[in-house]
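Undergrad: Handing you a structure now.
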Amino acid sequence: MASASSRIFEYFVVCGIGPEIRTLEGNKGFQGMEVMYMPSLLDQYPPSNHSLYPPPPPQLPTCVLPAGVEFYSSGFNSDDVTTYPRSYPIVLTEGDGSKIYVACIAFRDPVCEDIIEAYQIPANSFADKCICVVSRSPSFQVLKDALEELFILCFSPAGSSKPLWDVIAYMVSNVPLPTPGKDRVLFAIENCLLSVEAPPKEGLPHADISFQPLVQCLDVDNLIRFFTAVLLERRILLRANKYSLLTLVSEAICHLIYPFRWQHVYIPLLFFSGVDYIDAPTPYMMGLHSGVDTSLLTMDGVVVVDLEYNRITTSEEIPSIPEPELNFLRGEILKLLHPNVIWIDHLKINFGSMSEQYVRCGNKPWGDEHDFQLRLIFLRFLALLLSGYRNFIEPTTNVFNSQAFLKKRSRATGEPTESMLMITQFLESQGFMDYLERCIMSEESSNNLLDKLQDATGRGQNPTTIFPSQSVEPEIITVAEPDVGDAEPGSRHCYKQFPSTVRTEEQEEKRRSILALASGAHSGRQNPSSPMLANGDSKAESLSSMERAAERERMVLDIKVKLQRLWSRLLTLGATEDPLSSFEYGTILALIESDAEGIGGSGFVECIREHIILGWQCRLTDEQFIAVKELLKTAINRASSRNDIATIRDALEVSAEMYRKDSNNVPDYVQRHLLSLSIWDELRFWDAYFEYLMEQSANKSANYVTLVTAQLIVIATHMDGLGLPDTDAWNMIEKIAEKNNLGYKQLIKLRALLSHIQQLRIGYWGLPSGKVQSASPYGLPSPHLQDGSDGSHEPTEASVVGRSWVHSMFSRDRSIRANSFSRVLSSDSTKTGATSGKADLLPSGQKKLHSSMRILKGHSGAITALHCVTRREVWDLVGDREDAGFFISGSTDCLVKIWDPSLRGSELRATLKGHTRPIRAINSDRSKVVSGSDDHSIIVWDKQTSQLLEELKGHEAPVSCVRMLSGERVLTAAHDGTVKMWDVRTDTCVATVGRCSNAVLCMEYDDSTGILAAAGRDVVANIWDIRSGRQMQKLLGHTKWIRSLRMVSDTILTGSDDWTARMWSVSRGTCEAVLPCHAGPILCVEYSPSDKGVITGSSDGLIKFWENEEGGMKCVKNLTIHSASVLSINAGEHWLGIGAADNSMSLFHRPQERLGGFASTGAKSAGWQLYRTPQKTVAMVRCVSSDLDRKRLCSGGRNGLLRLWEATINI
C-alpha cells in the first residue's frame, strides 16, 4: 500500500449507530424513535490495527452526522423525499491549520439484528448511517463521484463482481495523488471510469468546487459585505438548510480572499450540539443548519449570513470598502453575473457594453470559466486596494509601514486617513500579517500572483497573462483494475444493507461484551431481581463459570441502572418533600447496606461522578445535602469493612469535586463531614491512594521528584479537606515521602503548603467536629527537626503566612461564608519549642491598625488611566515635595484630574481640560503633567497653574503610553506602532525613535542608559538605544499580544496573552526564562528588588511569585486572594501593592531579615506577608495605582469613582 501522503484517498469510513448506544444528552440505551443519538465510527479502511497509518480524526463521526443519529420505522421510500440519501462535503481543520476534505453520503440503513435484540428496539428498524471518503486533497468532485459510485454499486440490483470492501480497499490503496499540472489519473470503479488532476502550482490554488452557489444565494451587495467581513476577520456564522451549501460557500469565500488566508477557527458544518461555540469571543467562520435554534445565545457582534433568504445581520457595523475600489468590484461582478441575476440588479446599472471575457462566458451555463473570472475579479480588486504596498516595506527590517501607506493613499484619493476604517482594520488583521510573512519574507515571494498582477496592470497587459499556459496536455496515468481472483465467472455480490468489514477477534469480542451488558440491563428492567443471588438457588448452581460471570454482569448493570434512576429522582424532589424520608433515599441506602459485594456503594459513587462529568452543577438544598453526605458515609463505611480501597478513594474524590464544581452553591463542604470515619487514620489507605495517583499520572515523563511531589500535594489537599489534625496528616505524608525517596528540600516545601492550607481551611470552616485538633497545629516542624531541636527555632515560613491570613480575615459567621477570603480568625500561634510565656501577641496585645477608605467623586465617565506621583519622579529626597503622593486620573469624560490625598474632604486639586476623546495614559515630573488620549494627541500641563502648555500632534492613532523625561522631553507610544520623542519647549517631534509593525501597548525607558523597550500587538518586544539611534534587539518568543513590560538594568520582563511571562537579557537578546502556569493573559509583571524575584498577575486572578532556584526560575507561591483580573503590581523594598478588577486591593509587607533568624535562610519571595486587604465593595475596576511610601492604593472604576484606601501602619 502506498503511503497516505501519496494517495488521493486517505480513508474510507462508515459512521452510524454502534453497539454502545447513547443519546446526545448522554443517556445510555435506546430511548425511543424521536431521540437523537451519538454516532460512532463503525468501519474503516485502512483498518484501525494498521501500524503505518494514524487513525481518522476522532471528531469525524460527530462532524459527518452533525444532527446525530435517528431511528426510523421505515427505510428509503421513493414517494417521500425526506428518506432520500443525501450527498454533501465537509471540511475539518486540524490543530496545525491543515485541512481534511470529506465526501459524505447519509442514508437510512437497517439496524443490525444483534443491536435490535440487545436494546429491544422495534424489529425492522432503520437508522442513519454515513459513508465517507477522507482526503488531504481538495478534489471535491472526484471524492463525490467515487463515493456515489460505491453507493450505487452496493445497492444496485445487479450487484458487483467483487466484494464491496475489496473494491474499496483497492481504490484507497492504489489511486495516486496526481502531480499538479502534469498528471491526470484514470481509475475505474466497476464499469465507471473516473479521473482526477490538479492545476499547476503557479496558478490560483486548487479549488475543485463551483462558485455558483455563493453568487446565487447572495446578491452583489451582500456578497461584498460578506467578503469584507471575512477580510476583517469578524465572527461569521453561515445559516442554510442544506449541508452542502454551508461547506461550498465557506470554501468559496476562502478562495476569493486569495492570496490571504483565513487564520482563525474554521468549521463550515458545525455539529448541532456545539451551538454554544457561537458565543466564543475570538474570530471564527462556522456554518450551522438553519433548523438549529440560536435564540438563547447572545450573538453580540456575530455576522449572520443567511443563505436561504439572502440576508446579513450583525450588531456591529461592517466598514464599507472605499468608493473607488467598491465601484470597480461591484461593476465587474455585475458584468459577470448579468445573465443570472438580472432580476436583482438590472435596473441599477446599464450593461450597454461588456468586455470580451464576459461575452465569452456570459451566454453559457455556469462553468469553470465563470469560476475563474470571479476569482480573477476579486484578485484584481485586492491588487487595486493594495496598489503600491511594496514601496512601504522597509528593506532593512521587512516591516510594513501602514501609516505611510495610508497617508499616500489619502493624498492620492483626497480621502482623510480617519475615514479609511476598512483598510486600517484590514492592515491590522492576522491574515495580512501572515501574507507579509509568507510572500515577502519567504520563498513564496517568487510565485506571488498579487505582485504579478500589479506589475502586469502597470504595464497595461491583460491580467490573464500572469497565469501559466494550459497548452501542454497532462500525462495520463491509468490505475489497472484488480484481478477478480478465485471468484466464479458471472458471480455477483448484492447487499440489502451496507456491509460491515471483517472484524478481528478482539473487535468481535468487545462488541459481544457491550451488547451482552445492554441485553442484561434490559432484561433486568423487565425482571427485577435481588442484588444478591440466594445461596440455595439451584439455577445459580447449575450455571457454568461463563454463565455465572454473565449473570453477575447483568446483576451489576441492573443495580447501577436502578441507582441512576433513584439518584436522578432524589435530585428533583419538590421543595416540600423531605429527602431523608423519601422512597428514593431509603432504596439507595438499602442497596448500599445490603450488598455484601459493594456494588451498591461503588455504583452510588459512580452515579455522582457521572452526573458531574455530564454537567451537573452540584446545587443541593440543605436537606439534599444531608442525604448525600449520609449516603456517602454509609458507602465508605461498607467499603472499609470489605477493604475496598477503590470505592473509598472514589468517594473521597467525588466529595471534593462537589465543592470545586460549585463552591458558591453547595451549602456546606461534604468532605469535612467524613472526618469521623476511621479509615482516614490508616496509613494503608493513603499509601494505596498515592500508588494509584502515581499509576494514573498523565505526565509520567516528568521528573520523578516533581511527580511524587505533585501526588503528595493532592493527598495533602484531601487531608485538609477532611480536617485531619495537622500532626497526623504530616506524619503520614512524611512516611509516604520517605518510602519514595523524596528529598528533604521537597519535604520542607510540602510542610509549608500543608500548614498554609490548614490555616485557610480553619479560617473558613472553624475547627472540625469528630476529632480533637492538636493543641499546636501550625508551624509544627518535621520530626527530623525535632530530633535536633534546641528550642531556638523561629516558626516555619508557612506559619508566618498563616498568621498574615489570621489578621486579614473578618469572621466565621456562616451567613457571610461566601466572602471566605475576607475574614479574621483570632488564633494564637506559638513558636516551636517555646514556653507559654513566649507565645505570640494575644488579641488583647495586638497592635491596632488604623485604616481609611475614601470615595473620590468628580469624573462623569469610566476611569481609564490612573497615575501616582512618586518621590523619585519629583526628586523628593528629603520629603518636602507636597505633590509626591498625588494621584492623577483620566476618564472617558475627556478630563484629567489631580487629587491630593492629604486634604481629607477636599482631595480634588485641579481639573485639566483639553482632550476630546478618552484619556489612556498619564505621567508627570516636578512641574508638568502629560496625558495621551484616543484623540491621537498628547497634552502637557503645568502642575501648579493647571495651564495647558503644549498640545503635541503627530501620532495617527490613539496614544497608549506617555513618559516625561529629563530635559523637557516627552516620550510617547501609540497604536500606530511608533514611539516618538518630543521637545516640550519647541512643540516639535524630535525623532521617531522606534517603530513597531502594530499597536504599542506598553513601554519602558531607562533614562540613565537611554534604552527604550516597547511591545504590543506585533508580539515582539523591541529594544532601541535612542542615544545612538539604533535598534538593539527584537525579542521573539511570545505568540500573542504583549500587554505588560518591566525593565530593570539588563533584564526585561514581558507578560502576554499567550498565558506566559518571559525574562529576557537586553544585552544578549535572549530569553532567559519562560514563566508559565497561569490560566489567562498576563496583565502585569513586576520585579521585586528586595529578593530579585518576579511577580506576575493574570486575568485568572492568580498572583505568582517566582525565584531563581537551581539554575531556573521556579514558582514558589500562588496567591488566590483576588477573584478577577490582576491589574496592577507595584513592589518596593519592603511593601507590595496589588489591585484587581473586582475592586479588591491588597498590601503585603516584607519584614527586615535578622541575622541568625529563620528568614535569613528561608525562601525569598515567599517572605511577602499579606498585611491588609480592605473590605471589597461591588464595582468593576479599570485601573489601579499605588503609593507604597504612604501605604495608599487607589482604584478607578467604570462608574467614574476613585476608591482611595490608606492603611496607616505603626511599625
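Any Cβ shown, glycine's included, is placed from N, Cα and C.
Straight out of TrEMBL:
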- 23-446: domain 'UDENN' (DOMAIN)
- 483-544: region 'Disordered' (REGION)
- 503-512: compositional bias 'Basic and acidic residues' (COMPBIAS)
- 776-798: region 'Disordered' (REGION)
- 912-951: repeat 'WD' (REPEAT)
- 952-992: repeat 'WD' (REPEAT)
- 997-1034: repeat 'WD' (REPEAT)
- 1035-1074: repeat 'WD' (REPEAT)
- 1075-1107: repeat 'WD' (REPEAT)
Undergrad: Using a Cβ-Cβ cut-off of under 8 Å, list the residues of the same chain that are 6+ residues beyond the ends of the repeat 'WD' (912-951) and lie near it.
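TA: Contacts with the repeat 'WD' (912-951): 861, 864-867, 869, 873-875, 881, 883, 886, 888-892, 894-898, 957-964, 966, 970, 972, 974, 982, 984, 987.
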Undergrad: Average the per-residue pLDDT over the repeat 'WD' (997-1034) and send me the rounded value.
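TA: Looking only at the repeat 'WD' (997-1034), pLDDT averages out to 88.
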Undergrad: What same-chain residues lie close to the repeat 'WD' (1035-1074): Cβ under 8 Å, and 6 or more beyond its ends?
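TA: Same-chain contacts beyond the ends: 1001-1006, 1011, 1013-1017, 1019-1023, 1080-1087, 1089, 1094, 1096, 1098, 1112-1113.
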Undergrad: Determine which residues of the chain contact the compositional bias 'Basic and acidic residues' (503-512) at the Cβ level, with the cut-off under 8 Å and only residues 6 or more beyond its ends counted.
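TA: Contacts with the compositional bias 'Basic and acidic residues' (503-512): 19, 49, 114.
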Undergrad: May I have the DSSP-based helix, strand and coil counts for the residues of the repeat 'WD' (997-1034)?
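TA: DSSP classes over the repeat 'WD' (997-1034) add up to 0 helix, 23 strand, 15 coil.
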